[in-house]
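Below is one structure, written out as structure tokens; comments come after it.
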Amino acid sequence: MADFEELRNMVSSFRVSELQVLLGFAGRNKSGRKHDLLMRALHLLKSGCTPAVQIKIRELYRRRYPRTLEGLSDLSTIKSSVFSLDGSSSPVEPDLAVAGIHSLPSTSIAPHSPSSPVASVLLQDTKPTFEMQQPSPPIPPVHPDVQLKTLPFYDVLDVLIKPTSLVQSSIQRFQEKFFIFALTPQQVREICISRDFLPGGRRDYTVQVQLRLCLAETSCPQEDNYPNSLCIKVNGKLFPLPGYAPPPKNGIEQKRPGRPLNITSLVRLSSAVPNQISISWASEIGKNYSMSVYLVRQLTSAMLLQRLKMKGIRNPDHSRALIKEKLTADPDSEIATTSLRVSLMCPLGKMRLTIPCRAVTCTHLQCFDAALYLQMNEKKPTWICPVCDKKAAYESLILDGLFMEILNDCSDVDEIKFQEDGSWCPMRPKKEAMKVTSQPCTKVESSSVFSKPCSVTVASDASKKKIDVIDLTIESSSDEEEDPPAKRKCIFMSETQSSPTKGVLMYQPSSVRVPSVTSVDPAAIPPSLTDYSVPFHHTPVSSMSSDLPGEQRRNDINNEVQLGTSSDTVQQ
């Protein structure tokens, strides 16, 4: 089976000339396009080719990718095959022979001594052209030991084509290579069962045929990476690639974001007919790429969340130890941190945490919501921590047990503070504290303002008594200490007053001051507004002309009020 796969990869890397030589050697039709020639050659290989055909395939591949010639037998075999091609009817075969010999590097021909006459003859025959040919670069292995990074949202069910190098087959910039794979009846059944019909005639599959490309590097697991000018065809149909990502800076060439390619919609869901993949790309100096095809099952964010919960919740003591480590005083530092404030709001959804989660690689205590994080990466997989902007892969996520306890104990707090010993306390919002302290103050002020005028209300005509109380201090002239401007506001005003009188009575504070002097002589009552500082100057009432309308009537009312006040004081 390994030999068959190796021969198949060799045939897939052949050019038109090699395919024509192989088909002509096997007695098959060698006319047509490259796609037709390749399908005939693969069918020849699959139908059970003879050992002679297998030797011919290896021989053509050795010419196509020469490395080292081991022994004179290999040289004589190549030499005889080259000369046998001269009498062939194909017009491209002499070119193949020349190309096959010219592609041999000079370092591969070790024997220059007379002990190898065949090699010397070979060198003599091709000496003029051999000196013009430059040494070819080392050919990468067909199946490099490349490992791709695991994709959290996909479970690998089977490997259809293991990682295979995209080998540069010519000196041209644009390269092309073909790959063949077939599905088993069980694989076809799984794909068909998972099919879901979407609006518009589209189909979706949870079991998918996935194509991945990456750099042919074996040092570490590789992320998906596309070569330049990539073009993929599946069974002759062009596969639409993801769009270009915006360049980070001006002048930088745009690149497609590396991600796995779901080619299920173009795959023949039959175990009797093989599938062909054509990949063309622009070669780059110093960069080799690899491709692979897998049968995978797509997962959802809810499934990943369930798997994350099955891993268990991390012990709260781990987080407490991290808190103590952060709050431990550093003797070399002049600044000591005694507490640490942490929010219980998710930085992704700006909502209260439900499943606190963070990565093991993160050094901060702030958590984010696991459900929102998985949903975000399901739409666009970035796996970046929303707190510190560092890599937070799914495999490194943990559920914080300490934050689980805090969320269960405090349901009305959005922020907490950690102490040096690992304990915590809730942080109440300042607005709530201000509301609590301001409510009793409001009650006291309202009671003091509205209760005092009631103590001076006279049983007779209410409206007149209020006006009388306000006009009480018109003729008084004694000095008194100043009151705050806030207490000079008059809350009793008559709608029947004339406009000149209203202008004076607006600043009458007697309704506030009278109750405080009810137990003293009437002579001690502040008689006039002229002794109080006001925010602006106004004409004193005493200086007003007595010719004003109703002035005599007001003087009579003032005398009556003074007598009434004196009598009330005596009765008390």
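Just so it is clear, glycine is given a Cβ too, placed from its N, Cα and C backbone atoms.
Quick caveat, the model's predicted, so the values are computed rather than measured.
Looking up the ranges 152-158, 187-193, 467-473 in Swiss-Prot, the one annotated as region 'SUMO1-binding' turns out to be 467-473. Residues 484-492 are the range that Swiss-Prot records as motif 'Nuclear localization signal', among 295-303, 484-492, 520-528.
Taking the mean position of the Cβ atoms of Cys362, His364, Cys385, Cys388 as the Zn(2+) site, the remaining residues of that chain whose Cβ falls within 8 Å of it are Arg358, Ala359, Thr361, Thr363, Gln366, Val387, Asp389, Lys390, Ala392. Among the recorded positions Lys46, Lys249, His364, the residue whose Cβ has the fewest other Cβ atoms within 10 Å is Lys249. Cα of His364 (Zn(2+) binding site) to Cα of Lys249 (SUMO2 cross-link): a distance of 31 Å. Cys385 (Zn(2+) binding site) has a Cβ environment of 22 other Cβ atoms inside 10 Å.
Cβ neighbour count within 10 Å across all protein chains ranks Cys362 highest among the binding-site residues Cys362, Cys388.
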